């Protein structure tokens with residue numbers, strides 16, 4: 001068993017890998033001005049375009065948004081196959097694949113910016129896919145310290161949100177010196193990231209994933225079993241002193257193993273306290289176990305699944321549409337390139353920072369509020385964000401950004417939390433993966449939204465924003481109402497079943513007597 005110091009080093013490396021690689025494609029809003037300045041897809045424009053003033057023609061803007069849309073869809077859709085590979089081959093092989101794909105994406109992006117090939121979309125797709133191969137397995141490092149699982153998972157999530165800042169830091173450097181920090185040089189330098197991750201996987205990171213809580217509990221039972229000190233082969237030992245020494249050594253080894261497990265898992269008192277806390281958290285959720293035990297295909301036929309799927313489809317579509325168009329939206333609504341630039345710059349900083357700072361609060365909210373209450377807060381946030389995003393003023397623009405950067409990590413965390421509590425761990429991978437995968441595929445509709453904005457609506461994003469906010473409110477209200485009513489009915493049926501079972505127990509005891 002590896003030392004605590006080694007395990008903490010592995011946790012830190014995992015967090016750094018997530019921060020540098022897991023979701024850099026979602027920093028598109030910061031990279032887009034650089035691409036416009038470099039004249040990417042400017043050949044699609046028929047009219048005169050002045051990139052230095054931030055102008056972009058319709059065809060160029062649509063292609064740039066497609067560049068982001070394909071990567072965001074890839075990041076979401078790939079979660080299901082990556083999860084399957086993770087379950088079969090483990091985190092290490094996922095890391096190797098992720099490094100290879102990230103390196104290929106970086107090279108292709110560098111070649112594209114050198115003008116040799118138009119491989120921007122394919123390169124960004126690779127960066128998104130490589131990021132998923134790094135991100136999804138990262139949660140397993142939480143098993144290095146089961147007593148700090150919640151904290152480590154929150155840190156991994158925060159590091160992934162912060163990865164959007166990679167392009168922000170690059171854009172700031174590019175604005176200082178576009179020649180020294182050209183996109184080609186940046187993406188060639190970025191090859192150091194997959195290289196460092198690859199070296200860490202070979203040298204420091206565990207060759208095999210750490211054991212789960214359930215596996216450690218079995219080991220604890222074995223380590224606490226004193227009968228393990230006695231073997232059948234003891235009969236072959238003739239000397240009593242030698243037999244005593246052999247059994248003493250076995251007991252010492254068993255206790256050493258128990259002490260090592262206690263360091264990472266917590267002692268008996270800590271485990272008991274954690275168990276009580278988990279039971280309290282389950283009771284607070286109000287829906288824990290409602291569909292546990294059912295096969296995945298049966299769970300997916302229920303309104304519990306269908307409504308959260310529809311909600312996720314709408315929210316993911318809305319979030320990615322906003323990330324891709326935040327600047328162009330406010331250029332139209334405020335009739336000011338400068339003010340739109342300032343809101344976009346604020347968004348570039350707020351997106352990663354908001355995710356990191358709000359992550360601990362998200363954990364507290366999910367642990368202390370029921371699922372119906374959590375969903376109600378999400379509906380309130382999404383509707384408020386959509387409504388504010390439809391008001392063409394500067395202050396509503398900044399407020400929209402603030403609410404958005406808080407809503408995005410909150411929604412993804414709440415959705416996975418909902419899946420765990422409602423569907424259970426046994427089917428979590430298939431159910432959660434299906435939700436993310438299907439939502440990612442539906443995000444191809446983002447291109448249609450861009451077309452409508454630039455076409456029939458003549459650049460006006462307000463009709464799209466109102467539609468998405470209204471649709472989200474309708475589906476969200478239906479989800480909250482269903483969960484509230486179904487939870488009440490389920491708890492009443494459960495109480496009746498428990499009461500009937502308690503009534504039958506004395507009768508069974510009398511029959512046995």
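First residue shown is number 1, and so on along the chain.
Glycine is no exception: its Cβ is also placed from the backbone N, Cα and C atoms.
Automated prediction, rather than curation, is the source of TrEMBL annotations.
According to TrEMBL, the feature compositional bias 'Basic and acidic residues' maps to 494-506.
According to TrEMBL, the feature region 'Disordered' maps to 494-513.
Here TrEMBL flags 12-31 (among others) as transmembrane segment. Packing against the transmembrane segment (12-31) from elsewhere in the chain are residues 67-68, 71-72, 75, 95, 98, 102, 124, 127-128, 130-132, 134-135, 138, 141, 155-156, 159-168, 170-171, 193-194, 197, 200, 204-205, 323-324, 326-327, 344, 347-348, 351-352: each is 6 or more residues past its ends and has a CB under 8 Å from a CB in it.
According to TrEMBL, the transmembrane segment annotation covers 66-86 (among others). Long-range contacts of the transmembrane segment (66-86) within its own chain (CB-CB distance under 8 A, at least 6 residues past either end) are made by residues 23, 25-26, 28, 32, 35, 93-94, 97, 120-121, 124-125, 127-129, 131-133, 136-137, 140, 316, 320, 323-324, 429, 433-434, 436-437, 439-441, 443-444, 446-447, 450.
The transmembrane segment feature in TrEMBL is assigned to 93-113 (among others).
The transmembrane segment annotation in TrEMBL covers 119-136 (among others). For the transmembrane segment (119-136), same-chain residues at least 6 beyond its ends with a Cβ under 8 Å from one of its own Cβ atoms are 17-18, 21-25, 35, 40-41, 66-68, 70-72, 74-75, 78-79, 82-83, 86, 94-95, 97-106, 108-109, 111-112, 156, 160, 163, 194, 197.
Outside the transmembrane segment (148-170) by six or more residues, the chain places 11, 14-16, 18-24, 26-28, 30-31, 34, 131, 135, 138-139, 141-142, 181, 186, 213, 348-349, 351-356, 359-360, 362-363, 408-409, 412-413 with a CB less than 8 A from a CB of the stretch. Feature annotation from TrEMBL assigns transmembrane segment to 148-170 (among others).
Taken from TrEMBL, the feature transmembrane segment covers 186-205 (among others).
Annotated transmembrane segment per TrEMBL: 304-326 (among others), in sequence order. Counting same-chain residues at least six beyond the ends of the transmembrane segment (304-326), those with a Cβ under 8 angstroms from any Cβ of the stretch are 26, 28-29, 64-65, 68-69, 72, 76, 290-291, 343-344, 347, 351, 382, 386, 389, 401, 404, 408, 411, 415, 418-419, 422-423, 431, 434-436, 438-440, 442-443, 445-446, 449-450, 453, 461, 464, 468-469, 471-472, 475-476, 478-479, 482-483, 486.
Per TrEMBL, transmembrane segment is recorded for 346-366 (among others).
The transmembrane segment annotation in TrEMBL covers 394-411 (among others).
The annotation transmembrane segment is assigned in TrEMBL to 423-442 (among others).
Taken from TrEMBL, the feature transmembrane segment covers 462-485 (among others).
The transmembrane segment (186-205) makes contact with the transmembrane segment (93-113): 3 or more of their CB pairs lie within 8 A, with pairs spaced 6 or more apart in sequence. The largest share of C-beta pairs under 8 angstroms with the transmembrane segment (346-366) comes from 394-411, of the ranges 93-113, 394-411, 462-485. If you look at the transmembrane segment (394-411), the same-chain residues 6 or more away from its ends with a CB under 8 A from one of its CBs are 157-158, 161, 315, 319, 322, 326, 330, 333-334, 339, 343, 346-347, 350-351, 353-355, 358-359, 362, 365, 378, 381-382, 384-385, 388. When Cβ-Cβ distances below 8 Å are used as the criterion, the transmembrane segment (93-113) is approached by residues 17, 21, 38, 40, 82, 85-86, 119-120, 122-127, 129-134, 136-137, 182-185, 187-188, 190-191, 193-195, 197-198, 201, 205 of the same chain, each at least six residues removed from its ends.
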